[in-house]
Amino acid sequence: MASTILPRMVLCPARPPRGTRTSNGATGATRSSAFMFPYFIMLIFCGIPLFFMELSFGQFASQGCLGVWRISPMFKGVGYGMMVVSTYIGIYYNVVICIAFYYFFSSMTHVLPWAYCNNPWNTPDCAGVLDASNLTNSSRPASLPGNLSHLLNHSLQRTSPSEEYWRLYVLKLSDDIGNFGEVRLPLLGCLGVSWVVVFLCLIRGVKSSGKVVYFTATFPYVVLTILFVRGVTLEGAFMGIMYYLTPQWDKILEAKVWGDAASQIFYSLGCAWGGLITMASYNKFHNNCYRDSIIISITNCATSVYAGFVIFSILGFMANHLGVDVSRVADHGPGLAFVAYPEALTLLPISPLWSLLFFFMLILLGLGTQFCLLETLVTAIVDEVANEWILQKKTYVTLGVAVAGFLLGIPLTSQAGIYWLLLMDNYAASFSLVVISCIMCMSIMYIYGHRNYFQDIQMMLGFPPPLFFQICWRFVSPAIIFFILVFTVIQYRPITYNHYQYPGWAVAIGFLMALSSVICIPLYALFQLCRTDGDTLLQRLKNATKPSRDWGPALLEHQTGRYAPTIPPSPEDGLEVQPLHPDKAQIPMVGSNGSSRLQDSRI
């Protein structure tokens, strides 16, 4: 899940690792280091424990985000909520990737198109850093002061060529979220390219995506290191790094900062998306997922901090070049990835090369996340239907999901698309993630029973979860999440984008998107209560929350202890083993619907 780190800068301003959510009203001038302390606290007491819980949950049952809820059928709505969240993120996340594709293709030139102000889309207010440095004389008005730092400090009208390229050329941004205007055909074409690439990499499920991820997950570190070495050798880089590390302790007392930290952790680690459960379901049963959760979480955090050094070294160089504070160039919203950083790259020698590397890195990181999102949806659909045709024709399901995602993403390529993209990011995949995780944690610990779950983990790993995780799962993590939700509601501020205030009806749509995933939980609980046997409500409630008869390890060889079958299956039982799901194993196992669960030991 480390692949969400840098593409997410499109939606967030500078913060470690990826910035305070400006769509909630924060500004780019907020010191990113104010975020450090809450971020690490949330990582230790919420992120890593919940990451381990989801990995162990999926690995034990070898099921996707829906099938695992045989542990307590009444809470299967949590799985549907995860699917809804993954759907929303999958739709707009590929739009972010398509914009990165657009900038990548635009960088294949001798001079970056956002370097100067002599383009047809530029306005008289445009003042580029290269123009002001007398590197070109054709685009600067005669009245423009030669000292750009003086202009930046005393004029509020200055707009950079990279900002005008983003707003007036790439997006052709409309004046209102309801004014869709035209579909930007270049972005639509790049969106098609993004979905084709994702589909081709998932055409054989985890067998194909697993090989591709070796490249998409490792090569960005090479690019990141190249950019880091180049960044720290620039004049002024130290100023940007100090800005990145200098604390602003008064921000620590704001509940919003803690809420942003929780949202950041859930997003970067992938908690509550369903992707962790889905990918863990392909693990070997005795795989040490405890070790994996620690290594991945710490690596994710370290990569985030590392990425911050790369970003702020370049921004420090740009601030030094302009003679202004770093906060003036540390843009917010989509501006960091597509405005501030591209503008800084124009100051480097051979700037198209650095731009190509930067956006190629964004593309690879984004694709890694998109693979997980799409596989989560496909696996949930296949596992839920689980008939012979759909298990054999999983490729068609993948194609159908990809086509649907492309069609639903078309409105986000319109002139008002960025407004909707930020609306979905702010509401559809924000507080609903922590609500889903909290309910999942409570249902496993208090409905299924913490002792039962600890015994399951001991049977799977050979040792029970450490005491720290037991305490976090039962008390600390749910309590932290609950208080963050309360204070986030108290300090709620409507979404904005730069100076644009979202209308009330758009905010209402945002809340509906957020509730659409959470509402799955009580609706399915009521549905399950109505279809469960029982003479009284209490009896139905008890029957609906107890584990299904087929809950437990998927393979017969792992069904020991209380999961050991009392009567071995016989041909007279009418149960037929059908190895229909080639992605999940090599040892068939009769499931609740007569189909087999298969494990791919290479994942």
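Including glycine, each Cβ sits where the backbone N, Cα and C put it.
Here TrEMBL flags Ser268, Asn300, Leu365 as Na(+) binding site. Its Cβ placed at the centre, Ser268 (Na(+) binding site) has 25 other Cβ atoms within 10 Å.
Per TrEMBL, the feature disulfide bond maps to Cys117-Cys126.
What TrEMBL records for 37-57 (among others) is transmembrane segment.
If you look up TrEMBL, you'll see 78-105 (among others) marked as transmembrane segment. Tertiary proximity for the transmembrane segment (78-105) is limited to same-chain residues at least six positions away from its ends with a CB under 8 Å from its CB atoms, namely 7, 10-11, 64-69, 170, 186-187, 190-191, 193-195, 198, 272-275, 277, 337-338, 342, 355-356, 359-360, 362-363, 366-367, 369-370, 373-374, 376-377, 380, 405-406, 408-409, 412-413, 417, 420-421, 424-425, 428-429, 432-433, 436, 439-440, 443, 513, 516-518, 520-521, 524.
The feature transmembrane segment is assigned by TrEMBL to 185-206 (among others).
For 218-245 (among others), the entry in TrEMBL reads transmembrane segment.
The transmembrane segment annotation in TrEMBL covers 265-282 (among others).
Per TrEMBL, the feature transmembrane segment maps to 294-319 (among others).
Taken from TrEMBL, the feature transmembrane segment applies to 353-374 (among others).
Per TrEMBL, the feature transmembrane segment maps to 395-421 (among others).
For 427-447 (among others), the entry in TrEMBL reads transmembrane segment. Beyond the ends of the transmembrane segment (427-447), by six or more residues, the same chain brings 21, 46, 50, 53-54, 57, 71-72, 74-75, 78, 81-82, 85, 88-89, 259, 262-263, 266-267, 271-273, 453, 473-474, 477-478, 481-482, 484-485, 488, 495, 510-511, 513-518, 521, 545 to within a C-beta distance below 8 angstroms of the stretch.
The transmembrane segment annotation in TrEMBL covers 467-490 (among others). Non-local neighbours of the transmembrane segment (467-490) in the same chain are 42, 45-46, 49-50, 52-53, 255-256, 258-259, 262, 431, 434-435, 437-438, 441-442, 444-445, 450, 454; each lies 6+ residues outside the stretch with a CB under 8 Å from one of its CB atoms.
TrEMBL lists 502-527 (among others) with the feature transmembrane segment. Tertiary neighbourhood of the transmembrane segment (502-527): same-chain residues 74-78, 80-82, 84-85, 88, 176-178, 419, 423-424, 426-428, 430-432, 435-436, 439, 494-496, 544, selected by CB-CB distance under 8 Å and a gap of 6+ residues from either end.
Across the structure, Cys126 (disulfide bond) and Ser268 (Na(+) binding site) place their CA atoms 36 angstrom apart. Spatially, by CA atoms, the binding-site residues Ser268, Asn300, Leu365 include one closest to Cys117 (disulfide bond), and that is Leu365. Put simply, of 218-245, 353-374, 395-421, the stretch with the most CB pairs closer than 8 A to the transmembrane segment (294-319) is 218-245. Ranked by the number of CB pairs under 8 Å to the transmembrane segment (185-206), the listed stretches 218-245, 353-374, 395-421 are led by 395-421.
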